[in-house]
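For 236, 237, 238, 290, 390, the entry in Swiss-Prot reads L-serine binding site. Residues or ranges marked as ATP binding site in Swiss-Prot: 267, 268, 269, 354, 355, 356, 357.
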């Protein structure tokens, strides 16, 4: 959520920046609501003051023997007017909050202006795509060939489309990938491993910016009672990890806080009908190792470079070719002010596909969550800056390994860094 004071004082500048990312801020509507808010707040304060004055005069009138009935009637009428004004103000503040909760973050000045992914800027490349002397298979055929290790047909029977059943060596490889990532981030990159709930409440989804804008993209449980609140399956462990800081005040010497977790993620993919219908690329349920950092306000861009580098290290150790992209204004996520995507090479598609997205949210999420730290110089509380990134998406990493490490006979060579997690197995092969 953007700073309300900033919007009041620099609404036109905010509108110009938001326009760059394809969001049109209704300046007239916001200005009108703010004018009405100020008027109502003044009216409420005036009524409160007048009521206090009249209430005090009742005691004096009573002490002097005057008839206090007229004063009591006046105080009662003022009380009714005050309650009505407060109710109207509360409704107006809710309307303003609903508006501001749906406004995306402002793009940083270093972000290139553009409409969509076609205008993202390539920053760098690592590795050289392998040249094959045989016909390349995609991960669906390769996975099926390893003892039916990727079984989409059974998953469709169990649940529906965009799910998978993994078995045998493919399931073990999938687990090995996640374990390797967690070990790397905790042992070399300084993150604390966390185990978090896969179901979260509305406040958590609101805190990280999934709600209210993307409420239709989540899977929800029904409340246990009419009064109870339904829960949502996490679309990413960014939600529970970041919300750990909600309503907290940290000492500066506790920062940065770096957390990582391996969880399933659940997304309805409401806006992707017909896209990536084959295979693991776009699933309703998928595993991801997430990285989250909570830092001081002046450290977040430095932290973004570090966090992105942590994700890159995974790809480098797996020896998977990738490119680093700086997202343009029109392709960034709702809460991000700057984002780097890492795209891994997929031979069967003959292109790079996103495998990690690393974003600096500035204080956008922290303001929603009231996640703060105490500045040691001023002793005042300041909003944290939050960052998150995939380190990596496990399923897409499995896809990349299957396709990049495939052999002519359909077998898969296991990347060297994963072999200890596979009990020394170096090759998994197709059943003949």
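We count from 1, first residue shown onward.
Backbone N, Cα and C atoms are what each Cβ position is placed from, and that goes for glycine too.
Note that this is a predicted model, so its numbers are computed, not measured.
Annotated features taken from Swiss-Prot, shown on the structure.
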| residue | record | Cβ neighbours (10 Å) |
| --- | --- | --- |
| 236 | L-serine binding site | 23 |
| 237 | L-serine binding site | 28 |
| 238 | L-serine binding site | 29 |
| 267 | ATP binding site | 20 |
| 268 | ATP binding site | 16 |
| 290 | L-serine binding site | 29 |
| 354 | ATP binding site | 16 |
| 355 | ATP binding site | 26 |
| 356 | ATP binding site | 28 |
| 357 | ATP binding site | 23 |
Secondary-structure category, per DSSP, in which residue 290 (L-serine binding site) falls: strand
Residue 236 (L-serine binding site) in three-state DSSP notation: coil
Under 8 Å by Cβ from residue 269 (ATP binding site), same chain, sequence gap 6 or more: 162, 217, 282, 284
Cβ neighbours within the same chain of residue 390 (L-serine binding site) - under 8 Å, at least six residues apart: 288, 289, 290, 291, 311, 355, 356, 357, 358
Of the binding-site residues listed as 267, 268, 354, the one whose CA lies nearest the CA of residue 237 (L-serine binding site): 267
Distance in Å spanning the most remote Cα pair of 236, 237, 238, 290, 390, given for L-serine: 10
Length of the line joining the Cα atoms of residue 236 (L-serine binding site) and residue 354 (ATP binding site), in Å: 16
DSSP-derived class (H/G/I helix, E/B strand, else coil) of residue 269 (ATP binding site): coil
Other residues, Cβ within 8 Å of 236, 237, 238, 290, 390 Cβ centroid (L-serine site): 239, 241, 261, 263, 265, 288, 289, 291, 292, 388, 389
Per DSSP, three-state class assigned to residue 390 (L-serine binding site): strand
